[in-house]
């Protein structure tokens, strides 16, 4: 490509031709006004610097007494949380990968756009445009000093639950204009809205009086929620709530961004259509993660606020060809839901509501989309209606209702205040620097001019605190910036080596922030160019180029490119409405690549210059810029009295070697010039990552090809053909640098544009980019395959709530509880409790989640003299610990102490730990073997977390040489070394001698088909959004300890904190308010961090807070156990063609890590579930727990059950293939019946396990979803598409409910009834997002007959309910619901005589008051334990003599489960054969949860579990330094330590159509109110996606031969398993059809 001559641009406004240099040393003086002399001493100038930033927060200016504490190396999140005291923004990862810290940055910007017709800007017209610009950012990366001159909006500034002082939303929605305060700059810091509230109090009262006079209906519960927050609450968009503030802030910014509001006026579009569109949200909601909800309810809430939300609500996709029509015709209401399934049926007055209608709601009904909810549309259409709680039957009716309200709000001016304009209305008038835009007000002209003057000054902040964070510089002209780089360049002889080169340019801090936090890079000076330097920030188009400022944000570039791709004139790129083909062709590939570049929050601040200077070999944009022939303009100022020198470097030549570029340290990247793509030129960007959104590349490329027509006379027919005249192909991820495929390009030039040319080019490319098997980054074959074969999702579906009802369950037989018909009082209670049992009440903490007011362990206000802790961790394993030198840490200012095993000895504490075996230690003693990388050696405590971490790194640790042999990392390593916990090897046997049976070929004359193979499933990281956190507070001279911990096991935490600190357990109180997710990861592996904090607190007699960084948490807490199964199985082919399972011999191995933890019980549950739902007459299984050098692995949702069931379904696939039978038929024909029993002796149905519903549920889905037709449609699609394949997965699950350890099946509760009729409940369970507190409150509300709002759970505390068990095994509601009901029954029995003595209809408050005066005890301790014969299993118990022969084999060992929660799921996927990408087109899930206590919470648990299970079996891959990954060091280290390397499903990974329903008519007599446990059972149903992918891969392979498809089904495994020519050619020295990508198992 011949590029036009480099363009020469001048920027007069930047003064690029003159100016005076400033000596850098002088710049760093502390005075605000500096007199300097230039190098020639021919002039003296005075330069003014500000030393205190100007920052506005939530509508008010922060006083200088606060802002003066902002440090150069401090993030905005740390400043908000620890300096200002706003904890709504959360620290989830610290690397901008989870979005929990999202805030909105608003600034008033004046941008310059230039449109020219020549190569000189002088002939063009420059235009300036001023507007308020709102951008969401990751506060965990964004430097606080970069917010100078900006307004910050946090979740606290958006809305509040109950505090009027914390929100102005109500006022805005009632014509209350924003009034800016006039407080003095140095006034003491007040609550973010306190100053504003002073000015609005009078207006608020007027509004309230007007409403009262008009007689308007007032909401039952007044709140001050923003509509986004209200929608999230009402649509159940939060579970644990830790991620919720960040998600709401992301939505808040997107709503503002898409509305395109500008100062001085708005769009001329119809006012009703102002606002965000669904497509905008779907494209940009890519920077936030949620681990609990499965995203569906969040999407519902987001769509409800869009102007086109109704059109895309619920099942908004057109049905695929294979979708079956609804053939069931039942009575439906206007919402489209069957009347019988409507939770509002009791109060509905529609004529269609026929109570006598006996036709039930079919699954097909609940799966189809709902029509418009006329009932919702008729509701009041003011924004105030959002505060009224109302239950909707399904997704679409809820979205429709909200849409009608939002539509009305857009149509009504509402007195001038619109909720979606809040960010603009809140923006301080002070920061609007244009006189004509500022408007009136009572600010003096002098003050306005002073602020303008201050903001135009450069900023210099020097950290004089003990943090020693260096200096922050913000120059306002290009000359100042370049002078700084010259003065601190390594070539400047005026500076010593210690200061030379010590200047780092920071724009978005997205790379520097990672370097400083995780690589511990130290930069003494950070320079942040002011946006007034337009040459660095402007983006515009000339006749031949796109000119992109080196510091311009990627979001601005993306919007700029989008302007050339749309047809609407209003969306045209600023200053350039002439969108010719060249500009469109250039803009499209840049835009398309940026769409998948990181996240919206990152793109909002990251810049192209930083991306280039970083020189990452896996950069997204660099290969594309190479292929486009882009040129970099490097600017410097070599002489202090000279002009600016500019050097042009082509992008390919810029990259010299790994992370090294052709740029001196006095140069900066001023701009990037991208030549326009001309006619007959085509550009194709490509990126492949582990996850579609917000993920770094595995391979990325850009290909530009130029064609020209030519007559082919070869055959004498003068045919026209296209010739490749020029080509440029660049790759990232294929070499240490971004690299051009020069040999391939040279070959292609001059060749015809035809398939044979590309086939030959691929062969050359394969040779050109050949890489070794152990290449850094791994995946050598996959990367090569991608290079050789590389030449808009949205979410819909329906949620169905069953008819609300109160069912009697275990309480009838266990507590003697009366049914409603038998107890008049219970019947009254049923009527009075609107949010009682059976109703989809919202999460009790939902409003607090959505306002950031929910308090987590790390949010607890800092006590006096608080110290922060950081763990001392082992850097290697398989060595001995020889010594620990704490002296270097103690020399660091701010470090208060450092403690190791010796200090435990001094206290007389017990260092041993472990939930079952005491094989772990709190701190590793010197002289002992280091068992895993990251093992805890001690703790450092200091004045701040930053100093504590610095101190921990400074500790000198001495190790021996590696011990004999190599560290055992994988299961195969353990098998080879026989490294097992032998005492926990368990075996299960039923029927005959399986080994001899499977050696036969016939059974009773029928053919026996035998298969043999193996299956592997990988580990999984819990990735709870809230890392482990503990606050330990000593009292009474450190003889007492109060521990605030994020833990699922308060008593276990209490026990070990007491043991290690040598404190009586009675003097250790552990309190747990809520967790930001747990999933089993905080059952045992949270304890060690609490112990370390407690020990430090006792030794220092000061409070200690220890919150683990994300990378530390993921490195040392372990996760789900990886499994290896080796099996041999046989099936008999009956004469009728039916295939019956006959015998199974399976050996299970799991990787337990270095400590036993819960490895044995996890393996036991896998053995209990390896049969899944199928009957094997002859069965033999052995479970062997393996001991390795990985961190101790622990409980995770499913607790081994999913790993066992995965093996079973893999065997079913293998047998179906071998027997040449449909796998659906094989599964159905072998489901358990009521005559069968499990291998461990449990029978089905009746008094054994309750209803066996799997056959019914299977048949229901199979028929109503027409599974055969769906499979046929997939097959038809596959026959018509070579590189896209579809597959279907249909699986059942049964999950046993109970702790397999009998003693754990118990729970206690404490209930207090107060004289005002309210109830306080305490119980032994913990709230981690599963809705336990909400359900327990519903049980109590139902029992007392009071509204749910009058029942409260404060926290879980060991001084209220003692000797508790961990909240795990999905048992919490079963245990604590019954315990609470027991306590309620005791109180009700005591007050019944009082109630009888009062007039009928007396409320509970009246009863309680009289009971108090009658001296009746209104407190009760409740307790519940499962019956002995319904829990527990003794693996070693021999068969008793004379044991009844009619009882199932192994039943004498016990009854491990109380009952089974059951479910079935169907998934349809589509894979990209060339890349390995997949998308889930549709998922249909039906789950039996008994009679649901809260269907909304249960459905949320199902959706969250399904997505988490889907993640485990697809994109979530844990990687260790093992034999398969030798490029990672040291051996046994965890490589996947954060969201950058470990990928959980994101918003757009969920099924495009996601249908969930609860089975009706499935009462369960073995649990409270006939409910069933729901947390873990649906997890395995997510694996239906895995089996659908496997089905699609089989179609791509084109044959019927067996292949082992290992889990997880990453893009690499999918791609390499397809077995096409491209992949086979790239697999060297192995059998391509059996090739297995590397993995850690």
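The backbone N, Cα and C atoms fix where each Cβ goes, glycine too.
The [2Fe-2S] cluster 1 binding site feature in TrEMBL is assigned to 93, 98, 101, 140. Within 10 Å of the C-beta of residue 98 ([2Fe-2S] cluster 1 binding site) we count 30 further C-beta atoms, all protein chains included.
Summarising the annotation, TrEMBL assigns compositional bias 'Basic and acidic residues' to 188-206.
If you look up TrEMBL, you'll see 1048, 1079, 1197, 1369 marked as Mo-molybdopterin binding site.
The active site, proton acceptor annotation in TrEMBL covers 1576. Same-chain residues at least 6 positions away in sequence with a Cβ under 8 Å from that of residue 1576 (active site, proton acceptor) are, in sequence order, 1197, 1198, 1199, 1201, 1295, 1369, 1370, 1505.
If you take the C-beta of residue 140 ([2Fe-2S] cluster 1 binding site) and look for same-chain residues 6 or more apart in sequence within under 8 angstroms, you find 75, 77, 91, 92, 93, 94, 95, 96, 101, 513.
Residue 98 ([2Fe-2S] cluster 1 binding site) and residue 1079 (Mo-molybdopterin binding site) are 18 Å apart (CA-CA, integer value). Note: the Cα of residue 98 ([2Fe-2S] cluster 1 binding site) and the Cα of residue 1048 (Mo-molybdopterin binding site) are spaced 23 Å from each other. Across 1048, 1079, 1197, 1369, which the record gives as binding Mo-molybdopterin, the greatest C-alpha separation is 13 Å.
Within the same chain, residues at least six positions away from residue 1048 (Mo-molybdopterin binding site) with a Cβ under 8 Å of its Cβ are 1075, 1078, 1080, 1082, 1083, 1086, 1326, 1328, 1366, 1367, 1368. Cβ neighbour count for residue 1369 (Mo-molybdopterin binding site): 28 (other Cβ atoms within 10 Å of its Cβ, all protein chains included). Report note: the [2Fe-2S] cluster 1 site is defined by 93, 98, 101, 140, and the residues of the same chain whose CB lies within 8 Å of the CB centroid of those residues, excluding them, are 77, 90, 91, 92, 94, 95, 96, 97, 99, 100, 138, 139, 141, 246, 1110. In sequence order, 1078, 1080, 1081, 1083, 1195, 1196, 1199, 1328, 1367, 1368, 1370, 1575, 1576 are the same-chain residues whose CB sits within 8 A of the CB centroid of 1048, 1079, 1197, 1369, the residues recorded for Mo-molybdopterin being left out.
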